[in-house]
């Protein structure tokens, strides 16, 4: 393709009737070297006819070789002589290069010479990036031609020499090359420190290669007489000295976490060395790929509806188009309406493995639903009965084998169910005066905490035995952190405090100005999502203890509404609302990206499937549970339960 492009750019001037010069075309050197790259596969091209026939014949016959110009032979020979290292032009176009040929052939019959357009800095940067990428693909001759025709330089000649010496394991020469590179580092401090670090890395590789080859005396000489006098990173030198005791090469590679002598370890070494040199001298490794990857990630980050697993490989995306996710791929459409409850549905929660959904209702039952992994349809699996006050909160154990169900404010009991058998394992009640309205599992799955607004705060085992208690804490909502020690509890003082049951200490973490009706914590334990009475949904950073964002749109009075994180990487937030809608926000945006309609009364709870990012459930006082998913295959605008408004 490269050859074809060059030939076509020359042919208009040639076919315009230019008199053929007596000497061969100087530009034929580029064409010759391009064909040496393999374009055209060695097929014999017939010499064209017409006024410029002899010249085109010279160009076309280069595959066969007898009519190849002297310049072409010289360049092809230079390309063939540098298969391994970077072969670069020194920044000055060759006298017989393509630029001079184009200038001679362009214009009115070649009488007026056109000055070659000076490249901008950004153009030169792009050419260098392309050249580096092509070199990584092994297209060294193409790189040579690109640099020659553009007049650019891929890297400084001293850097090229340094690179070749490193890759060939010629450590003494590579060390001498550092002296040539010193003036190219602008900062005096960076010169001293950077050169010492580079020298240390070189000597470390030299030392390890000696050890692998069994040259212990030579390795010891490097350690004592070259590495130690640098007086740099003495701790690392002590570690290196310990490698002298390795009995064989495999042991050395394992302990040093080193690939061994050869291209792999030297390439990795070169990547480290390049970081100490300015990009004008030597480009950072894989610079073009890194820039493209950053661009792809930025587009994904800015995509409001991106909800698929992130793949950092460029092979998984097309670089020819911008990244765009359609909202039709987002869980904004009603897939299923579950109507088995016969009263208000107060709570819903997917299991940790995403295979089941538990719903709790005022009708005194918990229903376990099975999620079909293929169709994503839900079917009734078990009904757990007997919760006299209704079920307002449910918590799955970490292994999904158990769940605990709690009732509303006047309920003093909680139920611990075996999900597999459907049997009640424990029915716990410490006192008829208690109010056990919230529960959270310890990460070990052997304990849970529970409490309520009458001042109870207990830690219990699976048999309901009381392990610890905290007096005087009026609990609204609970959550156990992953450290296995800290329990977060929102209370009637409009705050969230952290309680440590091991050393019996507590501390204030979040303080709001209005009652915290419920909260949930992100998987990494960093963020807290709060439903605040009359205020809506707030996002807090627990580490910095600051309010990050207030999400707009939702109607939140004094009902207990449960919101959730969701989607891949928990990039989204969803909440029910007293205006009968489900609201979805991107975590970084205060305005909702979707409002989902379909429910006819307050939406009390939403739950995003942790394993199926395109599935979400909502529970409402209208007695139904809605399962939300992507748009159906048919474009039906009248489907019940769709997006009614989008804010961008």
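Quick reminder: no glycine exception, Cβ is built from N, Cα and C everywhere.
The annotation compositional bias 'Low complexity' is assigned in TrEMBL to 1-37.
The domain 'CTLH' annotation in TrEMBL covers 155-218.
Under the heading region 'Disordered', TrEMBL lists 1-84.
Look at TrEMBL and you will find 338-372 (among others) tagged as repeat 'WD'. Each residue in the repeat 'WD' (338-372) has a pLDDT score, and their mean in this model is 97.
The list of residues near the repeat 'WD' (384-415) in space but at least 6 beyond its ends in sequence, with Cβ under 8 angstroms from a Cβ of it, reads 343, 346-349, 351-353, 355-356, 358-368, 422, 424-441, 443-445, 448, 450, 452-453, 462, 560. The repeat 'WD' feature in TrEMBL is assigned to 384-415 (among others).
What TrEMBL records for 596-628 (among others) is repeat 'WD'. Helix, strand and coil counts from DSSP across the repeat 'WD' (596-628) read 0 helix, 16 strand, 17 coil.
Outside the repeat 'WD' (596-628) by six or more residues, the chain places 307-308, 329-339, 341-350, 352-355, 357, 359, 361, 371, 376, 378, 559-568, 572, 574-578, 580-584, 640-644 with a CB less than 8 A from a CB of the stretch. Per-class residue totals from DSSP over the repeat 'WD' (384-415), listed helix then strand then coil: 0 helix, 12 strand, 20 coil.
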